[in-house]
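Colleague: The structure under discussion is supplied below as C-alpha cells; questions concerning it will follow.
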Amino acid sequence: MQVLTPHPKDNPRKRENDMKVANLLGAFALLALASSFAFAYDPSPLQDICVAIDDTDSAVLVNGKFCKNPILYTPDDFSFSGLDVPGNTSNQLGVHVNIVTADLLPGLNTLGISMARIDFAPNGGLNPPHHHPRASEILLVLEGTLYAGFVTSNPDHRLFAKILKPGDLIVFPFGLVHFQLNIGKTPAIAIVALTSQNPGVDTVANAIFGASPPINPAVITTAFHLDRKLVEDLQTQEWVNPT
C-alpha cells in the first residue's frame, strides 16, 4: 500500500523551521545594524595606550594618530598644564574655549575623550549655537551663572534649557545644537568633557554666513526668511571662532 506524504510546502514542521531560520536571520541583521552604529563612534583602542607622534617613519597607526614607540613614552605624554589660565574673552562673542585634544595631550590618542575650559565675559559672554559632529558633552559650571541648553533634531526642535550656577551640570547629547550664555554680572568659567579625542565643532552662524566660498544668498534668504541685502551684509562680516 502506497503511503502519501504531504508536499513540502504543506509540511507544518518545515514551515516552523523556515520561520525559525527567518527569525534568526532577522536577529543577525539587527545585530549587524546595531554594531555599525556602535562603531560610528571613536573605535575602541586595541591596546592599553597609544601616544600620538607626527613622525610616521617609526610609528604604527591604530586609530586617530600614529603611535609613538612605547619605549619612548614619558609622563609628559599623559599630562597637560594650562587649564588654570583664564582665556582672553575680549572678542565679539565675549568667550574663549581652550580645548585639550590629542593634539595637545598625546596620551589621549585612541581613548575617545577630551576636555575644555570655557571662559565667559560678564553680561552676555556667549558660546554660540554649535554642535560637535563626533561627541556628546557634559558641562560643569565653576564660576558665574550660565543660561545653557540644547535643541532636538527634526521635526520637534524641542528646547531643553536651564540656568546653571556653580556646581551645576548639564549634558548636551551627541550632535545636537547647544549653547551657553553668561547672564551674570561677573565672569563665568565652565569645564566640559567630550566623548571624542577630536570632537570637532561646527558653529551654526560661522558655517552659514562665514562659509568659504560664500553660500549662494538665495539659499540663505529662503531658508532663514531673511532679506537678501541683510544676508549679503552678514556674509561680509568676520565670524569669531570661540576656540
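Even glycines carry a Cβ here, placed using N, Cα and C.
Annotation comment: TrEMBL describes C50-C67 as disulfide bond. The feature domain 'Cupin type-1' is assigned by TrEMBL to 81-232. Residues or ranges marked as oxalate binding site by TrEMBL: N127, H132, E137. Residues annotated as Mn(2+) binding site in TrEMBL: H130, H132, E137, H178.
I'd like to know what surrounds each of these features in this structure.
Modeller: Every protein chain considered, the tally of other Cβ atoms within 10 Å of the Cβ of E137 (oxalate binding site) stands at 22.
Every protein chain shown contributes to the tally, and the Cβ of H130 (Mn(2+) binding site) ends up with 21 other Cβ atoms within 10 Å.
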Colleague: When you measure from the Cβ of H178 (Mn(2+) binding site), how many other Cβ atoms are you left with inside 10 Å?
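Modeller: Taking every protein chain into account, the count is 22.
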Colleague: Spatially, and counting Cα to Cα, which of the binding-site residues is closest to C50 (disulfide bond)? Options: N127, H130, H132, H178.
Modeller: H132
Colleague: Look at the disulfide-bonded residues C50, C67 and tell me which residue has the greatest number of other C-beta atoms within 10 angstroms of its C-beta.
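Modeller: Max Cβ neighbours within 10 Å, all protein chains included: C50.
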Colleague: Quick one: among the binding-site residues N127, H132, which has the most Cβ atoms sitting within 10 Å of its own Cβ?
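Modeller: Most Cβ neighbours within 10 Å: N127.
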